[in-house]
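This report refers to the structure that appears directly beneath it.
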Amino acid sequence: AYGLAFLLIMARPWNMIRVSVRQPFLIILMGVVAASIAWSIQPDVSIRRGFAVGCTTLAGLALASRFRWAELARLYGIVFCILIVASYAVSLALPSIGVMTEIFPGAWRGLWMEKNGLGGLMAFGACLLGAGALLNPDRAKLFTLFAGLAIGLVLLSQSKTALASLLLGMTALGFVWIVQRGPALGAAATWAGVTGALLLAMFVLLASDVLFEITLTGRTEIWTAAMRQIEQRPWQGYGYAAVWSDQSGWGPLAWIVNDAKFVPQHAHNSWLEQWLGIGLFGLIAWGLFYLQTMSLAVVAVYRERGAMLAFPFLVVFTLVSLTESIAVVYNDFRWVLFVSLAAKLAFSDRALDEA
């Protein structure tokens, strides 16, 4: 996959430069990742995984530099169609692999390690396939069918977070579609959207336990334990991707396990993950990159049909990032998607045509 990305870069290197210079905060973020090797508790691990996340990021930038919005939607749609077919095939033909038997027996996990992996990615997939149907009328029936199959996988995964993400993402897709139907509908949808967002925020703050356990299935224990370790090294962190594989027995992971009473695989929060790994400067760089991307997405809702692809994805990404570590992740499809959409929002089809 990275080889194909480098071929895309070599085919149009000037486009890659133009895309990259429009992402100053992403460049700073990658710089902090590289710098963290100097103070990492596992320098060799940070070197390997830092290189991997650099390649993952370049793959996203390469896609944005090469494809128009409709082409990106078609490409994403094809990838998710393959993943959906494979997930159904594994879960039905090999239930010992595709269906969980412990912790959450009966929940589908498809090609992933656990149900949240399947459900979360299919929530993204349903939104992207829905957008692909709108941006590619010639493939609308195919993408709509597979969007329905993706929704089925979300339900079969029994993941509450994925279901909430799916509902929010589909609402966001409908919002963009209505806004772009005309000024009057756009104004009405905007007021409704703002009101709905405020109500949702109040619900999350005051009554989130209606949908989720009060401990968010142990996540708050991880967050509390991670914050204790962040307080020890708030400025520089412990090195990119160096914490969760540390087997020294005296590093931050040992203390997190001691406090949380189990062994977590990551921080279960994208924001805490950055702070823990690459420190406050890395957290700020990620925050600025995220804010730039969301600001461009909101503007695009009123100006660019590509917002049908970007805005719902970013809404789902925002929700999932609160309970999962999905930002600045090496060899991760979701990070490729985020970077490609962020870069495409700053490098429109018009800019691509002028290249």
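Just so it is clear, glycine is given a Cβ too, placed from its N, Cα and C backbone atoms.
These numbers come from a predicted model, not from an experiment.
Per TrEMBL, domain 'O-antigen ligase-related' is recorded for 146-286.
Sequence annotations record features per position, and here TrEMBL assigns transmembrane segment to 21-41 (among others).
Taken from TrEMBL, the feature transmembrane segment covers 47-64 (among others).
According to TrEMBL, the feature transmembrane segment maps to 76-97 (among others).
Same-chain neighbours of the transmembrane segment (117-135): 69-70, 73-74, 76-77, 80-81, 83-84, 87, 108-111, 141, 143-144, 146-147, 150-151, 153-154, 157-159, 161-163, 165-166, 169-170, 172-173, 177, 305-306, 308-309, 312-313, 316-317, 320, 324, 326, 333-334, 337, counting only residues six or more beyond its ends whose CB sits under 8 Å from a CB of the stretch. Taken from TrEMBL, the feature transmembrane segment covers 117-135 (among others).
The feature transmembrane segment is assigned by TrEMBL to 140-156 (among others).
Among the features that TrEMBL reports, transmembrane segment is placed at 162-179 (among others).
Annotation comment: TrEMBL describes 186-207 (among others) as transmembrane segment.
The transmembrane segment annotation in TrEMBL covers 275-302 (among others).
Summarising the annotation, TrEMBL assigns transmembrane segment to 309-330 (among others).
Applying DSSP to the domain 'O-antigen ligase-related' (146-286) sorts its residues as follows: 98 helix, 0 strand, 43 coil. Among residues of the same chain six or more beyond the transmembrane segment (76-97), those with a C-beta under 8 A of the stretch's C-beta atoms are 108-111, 118, 121-122, 125, 128-129, 132, 136, 139, 142-143, 146, 149-150, 153, 156, 309, 333, 337.
No contact links the transmembrane segment (309-330) to the transmembrane segment (140-156), because fewer than 3 Cβ pairs that are 6 or more residues apart lie under 8 A. Same-chain residues lying 6+ beyond the ends of the transmembrane segment (162-179) with a Cβ under 8 Å from its Cβ atoms: 116, 118-120, 122-124, 126-127, 130-131, 134, 151, 154-155, 185-186, 188-190, 193, 196, 200, 211, 301-302, 307-308, 311-313, 315-316, 319-320.
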